[in-house]
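What TrEMBL annotates here:
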- E103, N107, D151, M156, N164, 170-172, 191-196, T243, R425: ATP binding site (BINDING)
- 55-65: compositional bias 'Basic and acidic residues' (COMPBIAS)
- 746-762: compositional bias 'Acidic residues' (COMPBIAS)
- 763-778: compositional bias 'Basic and acidic residues' (COMPBIAS)
- 96-253: domain 'Histidine kinase/HSP90-like ATPase' (DOMAIN)
- 1-66: region 'Disordered' (REGION)
- 453-474: region 'Disordered' (REGION)
- 740-778: region 'Disordered' (REGION)
Amino acid sequence: MDSYVPPFSPVPPLSSSRSRNIHANAEEDSDELANPPKIEDNLGAVPHGLSTDSDVVKRESESMSKKTLRNTAEKFEFQAEVSRLMDIIINSLYSNKDIFLRELISNASDALDKIRFLSLTDKEVLGEGDNAKLEILIKLDKEKRILSIRDRGIGMTKEDLIKNLGTIAKSGTSAFVEKMQTSGDLNLIGQFGVGFYSVYLVADYVEVISKNNDDKQHVWESKADGQFAISEDTWNEPLGRGTEIRLHLREEAGEYLEEAKLKDLVKRYSEFINFPIYLWATKEVEKEVPADDDDTSDEEETKTTNEWELLNDVKAIWLRNPKEVTDEEYTKFYHSLAKDFGDEKPLAWSHFNAEGDVEFKAVLFVPPKAPQDLYESYYNNNKASVKLYVRRVFISDEFDELLPKYLSFLQGLVDSDTLPLNVSREMLQQHSSLKTIKKKLIRKALDMIRKIAEEDPDENDGKDKKDVEKSDDDEKKGQYTKFWNEFGKSVKLGIIEDATNRNRLAKLLRFETTKSDGKLTSLDQYISRMKSGQKDIFYITGTNKEQLEKSPFLERLSKKGYEVIFFTDPVDEYLMQYLMDYEDKKFQNVSKEGLKLGKDSKDKEIKESYKELTKWWKGTLASEKVDDVKISNRLADTPCVVVTSKFGWSANMERIMQSQTLSDANKQAYMRGKRVLEINPRHPIVKELRERVATNPEDDSVKQTARLMYQTALFESGFLLDDPKDFASRVYDSVKSSLNISPDVAVEEEDDTEEPEVETKEDDSSPKEEADGVKDEL
């Protein structure tokens with residue numbers, strides 16, 4: 001499922017003082033916790049689905065034998081992808097089964113968020129009394145081996161139960177199944193919106209009791225055997241509103257019936273949930289027993305009682321002073337926020353308060369890894385990664401206007417004191433404060449990324465080396481390279497999309513060059529190494545570095561000691577259409593016209609001496625659509641190359657565009673750069689051609705050679721040949737000539753005489769006899 005909705009949905013508020021007190025251990029002006037649920041002498045009087053008085057027990061016993069679907073229930077088949085997912089989970093050898101509780105609590109929190117949000121515009125949805133208490137309750141029944149998790153959230157209708165828990169597989173289901181088959185890591189289940197199904201790591205029978213304000217109370221149940229059942233609930237205690245999940249634990253999952261284990265899991269995974277989590281805990285208290293008349297001292301006896309114990313009492317991180325929050329707390333908060341419970345820490349975080357006309361608090365994180373689908377549907381994906389709060393009230397995690405698309409990989413949270421609470425999403429989008437918030441978030445995000453580079457010792461080689469040597473923080477070593485490998489494409493997309501921050505983003509660019517020895521380098525580092533008098537930043541685009549290193553376009557540049565940037569990502573071609581200059585230095589593609597390497601005193605003389613050849617060569621290639629033939633200043637060992645006009649497509653860009661399924665041939669013809677053949681006046685082949693053209697310009701063999709050289713130059717310069725067959729024929733003709741074979745010699749004719757078919761005598765032995773013979777030989 002893409003996103004798990006009802007009992008595990010997003011968004012929410014509270015209007016009552018009781019609700020506000022519960023939601024944020026978060027309140028800025030008070031650290032006081034919400035009052036825990038009251039325990040009454042008669043537990044049956046407590047309107048909880050977790051109550052266990054004798055009437056409730058009686059009603060439950062009527063439900064049917066454990067782990068058997070009710071006969072009177074409406075049966076449904078699981079959608080194929082959901083069944084596949086459940087099979088993987090049930091048969092998993094995954095050792096960390098603890099994750100199920102984290103997922104259920106996270107879903108319960110989402111459901112509470114949802115009802116709280118609805119209460120902003122309709123206070124009646126919360127109801128009164130216990131229903132208005134937005135909390136999560138956990139209870140154990142050791143005798144029956146049942147673990148129950150209850151929330152007072154939005155709840156689910158019957159239709160929601162069918163849709164969200166079985167029959168409709170959303171994209172997240174398939175994506176998670178795919179991920180599991182490659183990595184086997186169930187820990188990522190929450191990120192795909194299918195965390196509920198982790199219950200089958202520990203349970204073989206699950207009941208989901210749910211009540212939505214718009215429907216009656218229903219029970220969903222399944223043994224994960226390919227089907228589930230739904231009944232109208234007439235036997236359980238009325239929930240009022242919300243969802244209770246009952247896990248009938250497997251024999252080997254007995255540890256989850258221990259209070260200490262559950263407390264540890266909540267502390268580890270759910271410490272930063274913004275609603276109170278209570279456990280029905282056992283306590284031993286000492287009670288005084290009155291002494292006998294003849295005994296002057298009172299006696300004490302131990303009595304076991306139960307009470308709701310609050311498990312998460314941490315104030316919301318974003319409301320605390322950043323100096324008081326530890327790295328471990330930030331890491332835990334990131335894992336909870338991003339539903340990423342891997343072992344890796346976030347690469348960086350930024351926690352800040354914005355003051356002035358628009359006030360807000362924010363925490364931003366750079367994840368350690370990019371989501372697998374980050375760029376697959378980049379322009380069609382409206383998925384947000386920053387949660388929006390207004391005055392501690394969660395508004396939405398689907399509000400994608402807070403950050404631009406290129407920063408959508410960041411995780412975080414924004415809590416605004418300026419935005420209005422009870423308005424629609426559309427009105428929020430138009431609010432004047434939103435632009436200011438977005439502007440500040442972008443600046444802080446880019447500063448946070450820049451800081452990763454500044455603190456990375458590998459980024460400071462040769463610069464501030466003394467300071468780097470003093471630092472013993474090895475954790476920061478190689479961090480920016482890691483960031484670049486995961487999110488470098490996002491920086492490039494930002495340069496394309498965000499003109500305002502283009503220069504800031506350009507500082508974050510990294511690439512390999514002809515002088516970087518396999519390491520990444522920045523534009524600032526490149527400029528610091530530029531030769532005296534060099535005015536342009538040289539670069540070349542292509543498929544891979546190994547191919548580019550052998551490019552004829554680099555020959556003279558390398559000999560003269562110039563450094564050239566390698567751009568090998570297809571997006572680089574688009575990037576360089578927007579990044580025209582940096583620090584007053586222009587960018588120059590060395591495979592295009594306009595390359596300047598300083599003037600040679602003999603240039604004019606050389607051009608004059610080759611004037612007749614270049615004119616003749618251009619005429620010879622008239623049918624090839626060659627715009628011009630010129631003397632090259634970029635070649636050393638190669639006789640000729642083909643360059644394109646400064647503002648047309650490069651050979652690499654032509655190849656990229658031709659490979660696109662829906663490319664427009666007419667547009668390609670229009671955008672294709674003018675081709676210019678550049679020749680090396682110092683090369684012996686070119687010199688010889690000049691002599692032969694001067695002797696006999698109509699010599700067909702010389703013309704053939706000129707055309708072959710052009711086609712070879714096209715191929716070596718990275719272009720796709722329009723007519724590979726013609727090129728191959730010219731090569732073979734050249735081979736004939738070198739072997740002194742007459743061009744008129746034809747291929748020897750094949751002998752077409754048909755040979756008569758020879759009948760072969762079939763062996764009389766049967767297959768069985770042959771097999772027996774083989775056996776005998778063995």
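Every residue, even glycine, has its Cβ placed from backbone N, Cα and C.
Heads up, TrEMBL stuff is auto-annotated, nobody curated it.
Of all the Cβ atoms in the protein chains shown, 26 others lie within 10 Å of the Cβ of G195 (ATP binding site).
Taken together, the residues of the domain 'Histidine kinase/HSP90-like ATPase' (96-253) have an average pLDDT of 84. T243 (ATP binding site): 29 other CB atoms within 10 A of its CB, across all protein chains. When Cβ neighbours within 10 Å are tallied across all protein chains shown, the highest count among the binding-site residues E103, D151 belongs to D151.
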